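Feature annotations, courtesy of Swiss-Prot:
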ACT_SITE  538  active site, proton acceptor
BINDING   52, 53, 73, 125, 129, 130, 132, 272, 571, 583  FAD binding site
BINDING   559, 560  O2 binding site
DISULFID  186-228  disulfide bond
CARBOHYD  111  N-linked glycosylation site
CARBOHYD  183  N-linked glycosylation site
CARBOHYD  190  N-linked glycosylation site
CARBOHYD  335  N-linked glycosylation site
CARBOHYD  375  N-linked glycosylation site
CARBOHYD  410  N-linked glycosylation site
CARBOHYD  519  N-linked glycosylation site
SIGNAL    1-18  signal peptide
């Protein structure tokens, strides 16, 4: 009788555990925080950074029980820290907390500094971002192979990997009626990362449909699925949320199913400072990393096969530079002996954001978000001839100016990038600007120029990785076309807010409001943008994946040129910006790189 009772009790407990929300699982206590537990040990792979790509690759590698992986993360397991992370509607509330790296830029245009938001904790920036789920244009990914020489990096290949990551939920009838659209052929359903419509249970605002009707009258397509390879027009978008409307960050998606594997160890509260090498006849070979918290307290740990850098576009370049890989001028200034000459930390491309916001009438009440991916002509409107003239006459000048400012190192190679972007905008109908509209008592557009011509940099300033001294310099708006594009997109948002079907719900502008005259010129908008922009926090390309001749740091398998056993596997490697939010790309990229790593492992076994 006691045995039956105990069995029943255990079954009930197991059932309760199965239905407990993920946020109640005590993951951190199962992870490592004592560095002495791993110091001096040898693993097959060491991953520096437990963000989106780091956790994805760790999970894929450790599916093979023979492969032993160590992930070293500066932060901790934060996914169970309440609504500030779990609730996608709480976006922005986490900024400035211990989960936000909050890097400070060098003084930029108008002598302004800006904060760069990036996640600190297992899950990385998926803990703090807006969890938007879109994909780029086919021609953008195809250019990685056709223009930059990265064999296998084309839309068809990446599309399959991106779908492989995804577990999509189709919209409900009510969500479809509100303005969602879903093309099942463009989605995966058997992946790990859940995606679906954001829905707080409140009535839907009619403003999304009003925006669609307004732009449709102008010839713009509406209700598109922005995951099919040509994002243009207006639609509602998907988000990384589960069926309970809880954020599905990378820790929930990849760590929760894998953290108890005996061949996976996660060390938290420590940062990787530099890569350890031994010299071989074939060049420097990565054999481990030095990690810790300060110059006096740090440790070595060793890798039998590879070191994988996944610390993000702002930090992975710094780890390379601290390790002696980078431009000689940068390393000399920081008193680091150069091991290998590569253009690390340059070509960094981030976008800029401004906001146009208005009050909504009572008739516009309700929840909802919609996105307008506008092409070149739609963004610039009457100013399109002026913008086209710049693209057709200024590329040489821009390339020379960018190299002179330290944003890139080779004028000829940079012009290849610029010509690629010009082709996208003028010949391929690629989305140039994103206007992200949020409702609930307002008509709020956050908007950004998706395709920047500015090139920034991030470099170390000392030889001590634990002093955290570096210069993050996005060089925003040092290219005239970027400023013109941001101004035009801002003007477009204001124009749309109070015209066509949107008029019914417009109840007065709050931003820019009285700070900018009603019929402002593009020049006046440019002045406003310079005083009121913020970074978009989508930086890529600081360790570019392209041919070495064009300025690449890593090859098509993410291996650092001139080394053995070292890859960069994060958002610093895409060679271009894209007309999309970046999570889908990073997940697909991580799965593709994981396969390349496993292929090499199989050959070495």
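Heads up, the Cβ atoms here are built off N, Cα and C, so glycines get one too.
From a predicted model like this one, the values you see are computed outputs, not experimental measurements.
In terms of C-alpha distance, the listed recorded positions 73, 129, 538, 559, 560 place 560 closest to residue 335 (N-linked glycosylation site). Cα of residue 183 (N-linked glycosylation site) to Cα of residue 519 (N-linked glycosylation site): a span of 40 Å. Taking the Cα of residue 52 (FAD binding site) as the reference point, the closest of the recorded positions 111, 410, 538, 560 is 538.
Note on proximity: of the recorded positions 190, 228, 538, the one nearest residue 571 (FAD binding site) is 538, by Cα distance. A coil conformation is recorded for residue 228 (disulfide bond) in the three-state DSSP classification, outside any helix or strand. Comparing Cβ neighbour counts within 10 Å across the glycosylation sites 111, 190, the minimum falls on 111.
Cβ neighbour counts within 10 Å, taken over all protein chains shown, single out 375 as the most crowded of the glycosylation sites 183, 375. The Cβ of residue 519 (N-linked glycosylation site) has 7 neighbouring Cβ atoms from other residues within 10 Å, across all protein chains displayed.
A separation of roughly 23 Å, to the nearest angstrom, links the Cα atoms of residue 519 (N-linked glycosylation site) and residue 375 (N-linked glycosylation site).
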